[in-house]
Structure formats: structure tokens, C-alpha cells
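K.L.:
The structure follows.
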Amino acid sequence: MKNTIATFQEFKNKGKKISMLTAYDYSMAKIIDESGINGILIGDSLGMVIKGEEDTLSVTVDEIIYHTKSVKKGAKNALIVSDMPFLSYHTSVEEAVKNAGKMIKEGGANAVKLEGGASVIKQIKAIVDAQIPVMGHLGLTPQSVNAFGGFKIQGKSEEAAKRLIEDAKLIEDAGAFAIVLECVPKKVAEIITKEISIPTIGIGAGNECDGQILVYQDMLGMFDDFIPKFVKQYANLGAQMREAIQIYIGEVGEGSFPQDKHSFKIDEKELQKLY
């Protein structure tokens with residue numbers, strides 16, 4: 001059954017946990033979707049895990065749309081959420097609505113996600129008014145990595161925690177259907193989760209959030225350039241993939257692959273005509 005923003009709200013109301021993962025292509029989206037995930041985020045994290053960049057800042061709207069199209073074809077039941085990249089909504093309300101609309105109309109997303117608190121409330125309201133569901137994002141917002149001075153936990157002081165709580169309430173009032181809380185102290189995330197009526201999706205924010213999200217390469221052990229503290233690796237596919245590829249290389253080198261069962265045959269009579 002197709003997950004919707006109503007499904008997410010129903011889960012929160014009933015105390016059921018929401019599960020989300022990232023995806024960027026058809027094949028992986030299909031596997032994730034068939035596993036029963038509630039939501040898939042086409043994250044600007046693709047800048048790091050797909051493009052090999054050091055951060056997410058270079059990702060463009062067109063790149064998000066391209067990957068959203070691929071994910072959409074593979075995921076039939078998950079809620080599809082597309083990240084709004086750096087500077088795709090910051091410059092003006094009009095630009096924010098235009099780019100959000102492109103992700104829905106051209107990419108096929110069900111919703112968009114954007115980072116920030118009080119500074120982006122006008123954008124959130126305008127996008128919601130355009131009938132586009134919005135997921136907020138507070139805490140460690142990767143697009144603000146330069147402003148934060150690196151990838152650091154947020155909300156550790158009383159002042160910073162109060163600001164996060166207030167921002168969460170503002171985002172809810174603006175009409176967002178959910179909020180991602182990234183790298184926020186567990187107790188602060190718990191307070192936010194209790195004080196707002198929309199779902200919170202945690203990533204490095206403890207288990208009191210209404211749901212969780214991870215980058216699939218992280219949780220499957222496929223990306224070892226950097227492993228965040230909040231990641232649990234449920235498999236070590238990177239090592240398994242390298243081993244499989246090395247076996248393939250060895251079999252090609254010794255001529256044991258392909259075998260007859262991997263090859264096609266020609267009728268013996270037709271073959272004789274070639275000599």
C-alpha cells in the first residue's frame with residue numbers, strides 16, 4: 001500500500017515508528033521499497049556518496065530531479081521525498097516554489113525537504129500553499145557546514161536547544177508534515193517530538209523520535225570514507241562486493257569464466273558452413 005504524508009501522521013498518532021532510507025537509483029530503490037520501507041529520501045547526500053564530493057553543496061536541482069525519476073520507477077509504495085539543494089530555495093520565495101514544483105512535476109516526488117528554521121519559514125509556507133508537502137530539517141544541516149565550521153552536533157547548550165525547539169514549532173506552524181532532526185542530543189529530540197504534533201525523523205537524534213533515516217551506503221557498509229557515530233552497519237557489503245569482484249577478476253584471468261552454461265550455441269550444421 002502506498003505510503004503518504006497521512007500515513008506518516010497516522011504512525012505518529014498510533015505510536016508506530018517510521019522507517020526511511022536514502023536511494024538514488026532504480027535498482028536500489030526497488031530493493032529498499034520491496035523491503036517495506038515507509039519513505040525514501042533522494043538526498044543531497046548524493047554529492048558525497050555518488051559524486052565523491054567532500055560535502056553536499058555542489059548538488060543541483062537537475063541532479064536531484066534526475067535521481068528522483070530513477071527512484072520513482074523502482075519505489076511503488078514508499079513516500080518519495082526529494083531534497084532541495086543548497087541555494088535552490090534561499091534566494092527568494094518565488095525561486096523556492098519554482099524549484100519545489102520542478103521536483104514534483106518533473107521528478108515525480110511526493111514531497112520536498114529543505115533545511116533551516118526561522119530563516120526559511122516564508123519559503124515553507126509558500127511551498128505548502130502551492131500544494132506541495134514539505135519536510136523540514138533541523139540540527140546539523142549539511143548545507144550549513146561552512147557556517148557551522150564543520151559537521152558538528154547541534155543543540156548542546158540551553159540557548160541552542162531552545163532555538164531548535166522554537167524552530168521546530170515554527171516549521172510545524174508553517175505547514176510542514178514532518179521534521180528531520182540530525183545530530184541533536186537525544187533528550188532535546190525527545191522534547192521536540194513531544195511538543196509538536198507532526199512526526200520527527202531522527203538521524204543521530206536518539207530513539208525517541210517518531211522515525212529514523214540513514215544513508216543506505218552507511219548502514220550497509222558500502223561507504224567507508226567516513227562512518228558517523230550514529231550509524232549502525234547492518235551489513236558489510238563493501239567487503240563482500242570487493243571479494244566478489246576479485247573472484248571475478250581471477251576467473252577471467254584464468255579463463256574459467258564464462259563456462260559453457262554462460263555461453264550461447266550455434267547449430268552444428270550452421271557452424272560447419274563457416275569453415
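Just so you know, glycine gets a Cβ as well, placed from its N, Cα and C.
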K.L.:
Out of Lys12, Lys14, Lys113, which does Swiss-Prot tie to the same 3-methyl-2-oxobutanoate site as Asp44, Ser45, Asp83?
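P.N.:
Candidate listed by Swiss-Prot for the same site: Lys113.
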K.L.:
Out of the binding-site residues Ser45, Asp83, Glu115, give me the one sitting nearest to Glu182 (active site, proton acceptor) by CA distance.
P.N.:
Glu115
K.L.:
Please report the distance from the Cα of Ser45 (3-methyl-2-oxobutanoate binding site) to the Cα of Glu115 (Mg(2+) binding site), rounded to the nearest angstrom.
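P.N.:
Glu115 (Mg(2+) binding site) has its Cα 13 Å from the Cα of Ser45 (3-methyl-2-oxobutanoate binding site).
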K.L.:
Distance between Asp83 (3-methyl-2-oxobutanoate binding site) and Glu115 (Mg(2+) binding site) at the Cα atoms, whole Å?
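P.N.:
Cα-Cα, rounded: 9 Å.
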K.L.:
If you count Cβ atoms within 10 Å of each one, which of the recorded positions Asp44, Asp83, Glu115, Glu182 comes out on top?
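P.N.:
Within the set of recorded positions, the most crowded position is Asp83.
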K.L.:
Ser45, Lys113: which of these binding-site residues has the highest Cβ count within 10 Å of its own Cβ?
P.N.:
Lys113
